[in-house]
Every structure is written in structure tokens, then in C-alpha cells.
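Encoded as C-alpha cells, the structure appears first; notes follow it.
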Amino acid sequence: MEILSLHQWKQQQDTKSSTIRNKQVDQDVLRIIEQVQIQGDEALKHYTLQFDQVNLNSFEVTSNEWEQAIKKVDSTLLDALETAAGNIQRYQSEMLESNWSITPETGVKLGQQVNPLDRVGIYIPGGKASYPSTVLMDAIPAKVAGVKEIIITSPPNKNGEIDPVVLAAAKIAGVTKVYKVGGAQAIAALTYGTETIPSVDKIVGPGNIYVTRAKKWVFGDIAIDMIAGPSEICIFADSSAPVPYVAADLLSQAEHDEEASSLCITTDRSFAKLLQEEVNRQIPLLERKEIIEASISQNGKIIICDNNEEAINTINQLAPEHLQLMTIDSEQLCPKIKHAGAIFIGNYSSEPLGDYFAGPSHTLPTNGTAKFSSPLGVYDFVKKTSLIQYSKNKLAEAADTIITLAEAEGLTAHANAIRIRKENDNA
């Protein structure tokens, strides 16, 4: 794990080229989307055979498959999922918004109506790991919001099955249906619908670059949560932080994939050296060490800042997905952080606490988008409608002002819609 001054790190960032706009990936994704639009389920069968090496006659997980899968899940794991689900539901319930109205003056009523989306789709990745936690984190906010139909798509394994733990989590979270479809083809199916899979109002959930680019291309035809990149962790630590804890937390994110980013910011060069040694000591002990080594080699850095102010400015510029504050004054520093997906405060608020258990969703903005984006929550699964009600007298009072504004924009039909009421009432 490389130790760099802030200046050196910034120079490295300037020389990095973005890989998100991969023209070949976009060409492949657009072809897949087009084929799913044209051929529906037949295209899904073709791509599932091509990419997942399994020939499926049907995509929906049946109730019997669901029940049998859940029976395979260890009771201790089921209890853990239930406990985490309870924490998530409790946290997300605090975000619920209600309808409201005001009467600023007699004859005028203004308000807002909050309604859940009708149907949402959640993409759950397969591949290098199973993600039942993502099922809970993405589906429970939708359920709390009042969404009636919650659909999951996830790539099947070589036996044409979905991981039983994912299905157990889906049942606990209140998911309506699960389909064995992955990749860009799943995003296309959720957007445009097929003979089997209905179209949805919004797609949420992480995926590989094909899923991510597909979500970007269908945005506008449906809503999406965000354009997610590789996982990120940034830890601001000083000599008060236990070095083994900091190292373990950095490596916990590095095991996601080779592109994951693990940064530690500190003002203490001696601490940085100890951390570097501890990271090197821990890596060989970990099960996914090959992925971790590749990730740390490419994207693992310890950045030396001159003082706390410089460190805070760097963090806010970076806007990391996960930020851990492991300094002697973590609570005092927290209000100074303006841009981060989630902030973990203190030595015992390890990032995996947020991944699995605490309650806030672990679906967070990446690639600096925490500067303008928020974590996934209940508010992502509702829409708001403005309510406007004027009495005859109040419209008459406002008529001349409205007509003046409409005519100033050259929209005489707008003006006429008001004038006709004014003249009719005065007749």
C-alpha cells in the first residue's frame, strides 16, 4: 500500500483515464437492449445461455422453488437476516413523508400528495459473491414506502438457480417476484417488459459495468437510483486509532473487486508507516487475498496531509462512498464533512456495520457523486404531486397579475384561460 503526499496523490489522479465510457461495452449493451425489445423472452433465453451457461425454459422463481430454497438456509443465518431487516425497517420508517396542505389565505389551498411507485425492479448481482444484504437494503425501503410490486432480477448459477440465501432475504424483505435473469438483458426486460417480466417504474441496485451502462442508457424511459461505480472507502485516522482496525477496514472494501478503492488519510507519517506494514501483514491471512492484493496494488493509498483542515478539504473534494472517522476528535470533525455517502464515527463503527446491520442503506453514491446524491432510501420509492385549489374570488383577485405574466411570455392562450373566467364571472 503506497504512502503519498497529498500533492503526489493528486498528480496520480490527474493521470488516470476514465474507463466508464467504454465504447465497446456501450455497443454491446445497446445491442442487447434492442434484442430484448424486439424478441422479449427469446432474447433473454439466448443471453442467459451465452453469459450464464444455462438453458432456461422459464425465468420466474416458483413458490415451490422459493420454499425449498429457504429450507436450505441455516437457521442462524435466517435469524441474522431477520435482525438486520428489523434494523433497516426501523431506520427507513423515519423517512416516511405524509401529505400536507396549507391555507395561506381564505379561498386558497396548497399542498403536496405523496404516493409510492407502483412497481420497482431491484438488480441483485451474482458472480464473485452472493449479496442477500443488498436485497434487504434495497427492497425494505421500497416496502416501507408502500410499493405494491417489488421485483428482483438476478443471474442464475450453472444449475439455473438463485442462491437460497438471496431468496430467503427476498422473502423477509417482502419481495413480490424473483426472476433468473442477469446483466444488461435484465435491465432491458425491467424497462420495456417481456412476455414474462413486467416493466417497472424504477430500477435500483448495483451491478457490473454492463448493468451500470444499461441503466444509464434506459434512464428516461424509467427512473434509476444512481450510476454506481466500484466500492470506495476513505478512513481519516490519527495515532489514537488502533492500526489493526484501520488496516482491516481498508481491506474489507478491497475484497469487493479489483477496482475497489481503499484510502487512508492521516497527518501522521509514523502512523502511515505502521499502517502500511499492518496491511501487508493482514493480506496473506485473508480468504480473498488475490482480489485484495490486486485492489490494494492499484487503488490502495495512504495520503499524508499537513493538518486536519487540509484533510477535511480533501475528503469533501473526494466525496467518498464510505467515510470512517477514526481520530481522537471524530464527533467534532463530523459536522465539517459535507460530502460523503455514509459517515462511520469512531473506532467501533466499522464500515461492515453499515453494510449489514445498522439500518441505513448500503446503496450509496460513488465516484464523487455524493456531492449531489444521497443514499438509497424511502424517498427514492415515492413521488410527490403538487395540489392547488383557488376559489372563484381568489382567482379573480389574481387574474390581472397572471394575465400580465402570461402575455409577457407571449403565451396568449394561457392568458385567455384566465381572462375567460374573469370576463364570464363579471358578465
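The backbone N, Cα and C atoms fix where each Cβ goes, and this holds for glycine too.
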Name the one residue among D163, D201, D329, D355 that Swiss-Prot lists for the same Zn(2+) site as Q253, H256, H414. D355
So Swiss-Prot lists S231, Q253, H256, D355, E409, H414 for substrate; which of H46, H322 goes with them? H322
Roughly how many angstrom lie between the C-alpha atoms of Q253 (substrate binding site) and H322 (active site, proton acceptor)? 9
Which value in Å gives the longest Cα to Cα span across the NAD(+) site residues Y123, Q185, N208 as recorded? 13
Hey, does DSSP put H414 (substrate binding site) in a helix, a strand, or just coil? helix
Expressed in Å to no decimal places, the gap between the Cα atoms of H322 (active site, proton acceptor) and Y123 (NAD(+) binding site) is 21
Restricting to the chain of E321 (active site, proton acceptor) and a gap of 6 or more, list residues whose Cβ falls under 8 Å of its Cβ, or answer none. S231, E232, I233, A340, G341, A342, L364, P365, T366, A370
